[in-house]
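Per Swiss-Prot, the features are as follows:
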TRANSMEM  12-32  transmembrane segment
TRANSMEM  52-72  transmembrane segment
TRANSMEM  94-114  transmembrane segment
TRANSMEM  124-144  transmembrane segment
TRANSMEM  155-175  transmembrane segment
TRANSMEM  205-225  transmembrane segment
TRANSMEM  233-253  transmembrane segment
TRANSMEM  373-393  transmembrane segment
TRANSMEM  421-441  transmembrane segment
TRANSMEM  470-490  transmembrane segment
Amino acid sequence: MLHLFSYSDLNHSLLVFLALFFVLFYEAINGFHDTANAVSTLIYTRAMSAHVAVIMSGIFNFLGVLLGGLTVAYTIVHLLPNDLLLNATSKNALAMVFSMLLAAIIWNLSTWYFCLPASSSHSLIGAIIGIGLTNAFVTDSSLVDAFNIPKMTSVFLSLVFSPIIGLIIAGSLIFLLRYYLNNNKIFYRIHMTPLERKEKDGKKIPPFLIRMALILSSIGVSYAHGANDGQKGIGLIMLVLIGIVPSSFLVNLNTNKYEINCTKHTLNHLEKYFLEKNIKKSNIIKNKEEINNLVVRSQSYNSIKNIKNTKLLLKNISNYNDLSIKKRFQLRHYLLCISDSIDKKVNSSDICSKDKRFLIHSKKVILKTIEYAPMWIILIVALSLSIGTMIGWKRIVVTIGEKIGKKRMTYAQAMSAQITASFSIGIASYTGIPVSTTHILSSSVAGTMLIDGDGIQTKTIKNIALAWILTLPVSMLLSSFLYWIALFLI
């Protein structure tokens with residue numbers, strides 16, 4: 001890690017430090033901005049004291065980042081066009097990162113100040129879109145080519161529909177709990193609010209089994225939040241390092257000889273597969289640019305030629321440190337192009353399930369070279385998120401706990417909302433889809449209130465919906481404007 005600051009140019013080292021600080025600051029804001037999602041239901045059902053709940057949430061956020069993998073991280077990275085990543089100068093990369101993060105931070109702090117549970121994910125993805133748009137206009141390139149359209153579409157749909165799904169599932173759970181446990185002699189208390197429990201039984205805390213269910217479901221939300229949102233921080237740092245220090249981070253220089261040989265064998269199998277299927281024409285990678293020795297672009301190479309070029313680069317290579325910086329650029333480029341070809345074939349209508357499984361597995365193997373994160377990055381992101389979790393949480397907790405429904409949550413409502421959020425976010429993290437923890441949980445709470453007939457506070461719901469609608473376009477325009485100014489200043 002320390003080698004990042006060892007440049008002879010003091011200004012460069014300082015800018016690298018500031019870029020990393022911005023990412024970690026964003027992640028800390030994400031922590032306290034989204035902690036309410038995990039602890040609000042615990043606090044307002046009195047299942048756990050506020051400080052203990054927040055500390056517990058911080059611990060499981062940390063574990064979520066540490067153990068959650070990297071699928072979401074690289075979904076974020078690949079939202080930006082490969083040409084922008086591969087050809088950005090050090091100054092352009094810094095301008096890109098600072099503009100993106102500053103836009104997301106400004107919006108997140110603004111919504112936090114006004115107690116609105118807006119989405120950190122929406123703001124970050126909006127900022128990334130803004131960078132891509134500005135880059136397309138400045139370089140006079142196609143807007144269609146500026147984005148990974150399939151990836152952008154899936155991310156956009158997940159952000160739009162995940163709150164709706166959360167509302168429906170949580171509402172269904174509360175309906176089932178009402179149907180089966182409303183008159184149950186043992187579990188009828190699950191439909192009490194904390195105040196009703198105190199008036200009837202003279203106790204503040206929930207019954208033991210209900211309390212354990214609330215705590216466990218809250219742990220699930222915290223862990224899932226770390227696994228999903230923490231990965232976004234990892235992806236951001238890798239964006240910073242690939243753009244600013246490409247020689248060290250374009251490929252995983254710690255890849256061992258066995259893993260390199262696995263990549264070579266996989267390339268051999270892929271070459272054989274594509275030759276047998278004779279699908280050269282259907283795997284053209286679209287781009288109008290010519291090959292340039294200094295600038296690596298997504299040329300019109302077909303999959304077989306990309307594989308042959310990659311094999312040529314890796315011939316007699318047992319350590320990626322033996323590759324020159326230029327060849328590391330080329331290796332990353334070819335592997336991304338092969339991955340694009342695999343995606344096109346996997347999504348085609350003329351592929352059998354056996355071939356699809358083979359291609360998906362092969363893609364995972366070859367991308368290990370470029371889709372990675374050093375352990376120190378995972379640790380500092382986990383630490384930033386967990387520290388952020390332990391501060392600044394109270395403002396949004398009040399909104400989630402008191403201002404969505406017209407009365408306080410029952411134990412059943414809290415549990416239904418948390419179970420829905422933990423499973424939804426957990427599945428999204430596993431499949432590599434970035435989702436909004438904030439909107440999934442707040443919509444789940446609203447769903448339980450609607451089904452239970454308690455009613456919701458229209459003003460708060462309108463404010464949350466307004467923040468939901470505005471976050472993406474505002475952060476997009478803000479980052480686009482900041483990046484445009486930065487490009488002219490440098």
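Using N, Cα and C of the backbone, Cβ positions are placed for all residues, glycine too.
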| task | Sort out the residues at least 6 away from either end of the transmembrane segment (233-253), same chain, that have Cβ-Cβ distances under 8 Å to it, and list them. | result | 3-4, 15-16, 19-20, 23-24, 26-27, 30, 65, 70, 72-77, 80, 85, 88, 90, 92-94, 96-97, 100-101, 124, 320-321, 323, 325, 328-329, 331-332, 368-370, 372-373, 377-378, 381, 384-385
| What same-chain residues lie close to the transmembrane segment (124-144): Cβ under 8 Å, and 6 or more beyond its ends? | 26, 76, 79-81, 83-84, 96, 99-101, 103-104, 152, 155, 159, 232, 236, 434, 471-481, 483-484, 487
| Within-chain partners of the transmembrane segment (94-114) [C-beta distance under 8 Å, separation at least 6 from its ends] | 15, 18-19, 22-23, 25-26, 29-30, 32-33, 84, 88, 120, 123-124, 126-128, 130-131, 135, 236, 239-240, 243-244, 392, 395-396, 467, 471, 474-475, 478-479, 482-483, 486-487, 490
| query | Which residues, given as numbers and ranges, are at least 6 beyond the ends of the transmembrane segment (470-490) yet have a Cβ under 8 Å from it? | reply | 91-92, 95-96, 98-100, 102-104, 106-107, 111, 118-119, 122-131, 133-135, 138, 159
| request: Would you mind listing the long-range same-chain contacts of the transmembrane segment (421-441), meaning Cβ under 8 Å and 6+ residues beyond its ends? | output: 33-34, 36-37, 68-69, 71-72, 74-76, 117-122, 125, 154-155, 158-159, 162-163, 165-166, 169, 217, 220-221, 223-225, 227-229, 231-232, 400, 464, 468
